[in-house]
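Here's the structure we're looking at; comments come further down.
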Amino acid sequence: MATHNIVVFGGDHCGPEVVVEAIKVLKSIETNSPSAGKFNLQNHLLGGASIDKHHDPLTDEALNAAKAADAVLLGAIGGPEWGTSSTVRPEQGLLKLRKELGTYGNLRPCNFASESLVDSSPLKAEVCRGTDFIVVRELTGGIYFGDRTEDDGSGYACDTEPYSRAEIERIARLAGFLALAKNPPAKVWSLDKANVLATSRLWRKTVTDVISKEFPQLQLEHQLIDSAAMLLVKNPRALNGVVITSNLFGDIISDEASVIPGSIGLLPSASLGGIPDGKGKCNGIYEPIHGSAPDISGKGIVNPVGTILSVAMMLRYSLNLPKEADAVEAAVKAAIDNGTKTKDLGGSATTSDMGNAVVAELEKILKA
């Protein structure tokens, strides 16, 4: 029987609360789907919690455990008590973790966990119904990692955006793999600013080369990022498929997309360090896209669905358990369809109520 080693970072504020519900899901799979194997969970501190205890947002011990693991599950990090002016900040731990694990591809799905949530969207139901795409953001290159010059009092500052062909090729291959795994294969949308930026022109050329030569059966379309941002509001279904873009553009467009499903608490993410083809280890960091929510943490009202769906992504991409991943997603849909909703969705269910409802539906599905 397989044993899956998972490092768990509860993180700060509401992070541990939502992780508890995600772990309930893993325990249910162990019990009700024995062929999935065992989940060996190792708890470590990250972010502010680690600063408070170790004066370090990510210790060497925690980092080494994450490197050796099959996957990493994270709640959320950060909070006002650690400030933004401090030399040691919670976010430094997550950035270091991403860098050391080489997680170059960030995946954020944009869809409705349940059709009943369409009316929760700020967009009209007839506009957003049927939206289903995944943003694949290059995570370890671009302007966030380029040379910068801080303002030294002269009133001048500078950031540079470097990209190499190799960096673009590997994120294009990841997007191509994900698109090809869909049934039927999904369309690939590549977002850039090739009418202005040199890096975008290299991006467009490289993505075209990779998709046309390595994934000839896929349909590829290029879209300027500003046009795509407008399309996302006007007709988000037009981007259905796999959306690939650079670090900066992906950061912005994925946050814009996160508004569509109606609550940031619903949305999962995965940061991968390889192609999840089942042929070798593909470690990843799995976390909800929401922050640590210090204003509502400890009240039992945080929505754990984003974290639970992050577990589904972990099962699919790092642990090669697609049946169980599908079951978790179906259980979330069933729980919401049956009326279990947290406060952010207009309901009264607690964090624990939501987790328990998903587990109850999951048990039915796995035993069927």
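FYI, residue positions are counted from 1 along the chain as it appears here.
Including glycine, each Cβ sits where the backbone N, Cα and C put it.
Here Swiss-Prot flags 79-91, 291-303 as NAD(+) binding site, drawing on similarity to another entry. According to its DSSP assignment, VAL302 (NAD(+) binding site) is coil.
For ARG98, ARG108, ARG137, ASP226, the entry in Swiss-Prot reads substrate binding site, with the evidence type similarity to another entry. Residues within less than 8 Å, Cβ to Cβ, of ASP226 (substrate binding site) and separated from it by at least 6 positions along the same chain comprise LYS193.
Taking Cβ-Cβ distances under 8 Å and a sequence separation of 6 or more, the neighbours of TYR144 (site 'Important for catalysis') in its chain are ASN247, LEU248. Under the heading site 'Important for catalysis', Swiss-Prot lists TYR144 (among others).
What Swiss-Prot records for LYS193 (among others) is site 'Important for catalysis'. LYS193 (site 'Important for catalysis') is surrounded by 18 other CB atoms, counting those within 10 A of its CB over all protein chains shown.
In three-state terms derived from DSSP, ASP251 (Mg(2+) binding site) belongs to a helical segment. Per Swiss-Prot, the feature Mg(2+) binding site maps to ASP226, ASP251, ASP255; the stated evidence is similarity to another entry.
GLU91 (NAD(+) binding site) falls within a helix when secondary structure is assigned with DSSP.
The Cα of ASP251 (Mg(2+) binding site) lies closest to that of ARG98, out of the binding-site residues GLY83, ARG98, VAL302. A count of other CB atoms within 10 A of each Cβ picks out GLY79 as the most crowded of the binding-site residues GLY79, GLY83, PRO294, GLY298. For ARG137 (substrate binding site), other Cβ atoms within 10 Å of its Cβ number 26.
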